[in-house]
């Protein structure tokens, strides 16, 4: 089935018809600190996209950048270089800081089951290509040099700001609410290369035709895209906060470099909201993955919470909401574990074969419904609701329920099979002689239709913390 996504660029849904080589780029973290769970909501959304594409049969080439040079809060150069600031505070080099937090980021991604990119593009390793991009733009008269910095002249790019809904007439009004760099020709112009920064002790600088300096964030992403994907990109991912400045600047750089339209589909995820504001380090209202673990939550509890809301809707975070997600996830695993424990060896063997070889039409109906939901703008929250429908269905056997759960988990990624197997291993117990006598007495009682005695024995086991599960192969004893 073809995937449809809401395209920020067209304000409409776009179909991805090319299955053979889908090029996807995501704006990655600035590695000056631990990423917080607000950041990870966006990366979980990106993970759902990549896994859905592959689930549907697309061949995907997925790249993500790592901003290790620093990240100014604005083009005015009045924001602190975050990587350099952290390095000074900790008495380390910027390279040591960026390496540490890059590794920490991907460790947290692994805990959240966020897919590792096919290519990780580290900004500081691509400086020569960034310089070449500026040279070409300079030759084409899209740049100017002012006060030691190279600027992009947005007045030369007629469609500047279209994705963000900034009209040519309204551009000055849109940017009049912020302090403007007095060395700009136009309020929307932005720096490509800094040589005259107010941060004189910046460690990361490189020689260039315009002087010793460093690139802007917008140039980094644009140049690395051009270097890795050449002139074609199918999907660009990011958060909604990237729309109004970063992504429209990136479009301006690349399209002026290529002399053609670039990247048909831009997809943006909404904020995680805490205390009525977006979660951010600047607001001081952020929580890390480690912070969740310290409060006895699994990172997958947070992933479950993210699955309950569509990526284009803001998601309210609270510990009550997270606790509800934890309970729901554990309840799901417990129910599926019960189904698994009830299976005989022949049924268990079926779960190790091709899961999509459906033996019953109702299995195929549920599968098709799941595919339909995730194919339309990644409606994974409806897919999660469908999984609960499967679990509670009276028309599906245990094998069918487990098959569908394992298939759906290829996208929702809650480690369902692993959690069930772990629970099964932990719950298996050694049956002593007294237990064997009682189990045999119960078997005879059931054969003689003495269900009262059979239930009494079952209740006796329950009080001791055991669950009796009747199967074709006999009664299994599990810990409750």
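From the backbone N, Cα and C atoms, a Cβ is placed for every residue, glycine too.
According to Swiss-Prot, the features are:
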type	residues	note
BINDING	27, 221, 246, 250	Zn(2+) binding site
BINDING	281	ATP binding site
MOTIF	29-39	motif ''HIGH' region'
MOTIF	278-282	motif ''KMSKS' region'
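Proximity of residue 27 (Zn(2+) binding site) to non-local residues of its own chain (separation of 6 or more, Cβ distance below 8 Å) is seen for 64, 65, 221, 237, 238, 239, 242, 246, given in sequence order. Note on the motif ''HIGH' region' (29-39): DSSP counts are 3 helix, 2 strand, 6 coil. Close to residue 250 (Zn(2+) binding site) in the fold, though at least 6 residues off in sequence, lie 218, 221, 222, 225, 236, each with a CB less than 8 Å from its CB. Close to the recorded Zn(2+) site, the chain also has 65, 217, 218, 220, 222, 236, 238, 242, 247, 249: residues not among 27, 221, 246, 250 whose Cβ is within 8 Å of the site's Cβ mean position. Just so you know, the Cβ of residue 221 (Zn(2+) binding site) picks up 27 other Cβ atoms within 10 Å once every protein chain is counted.
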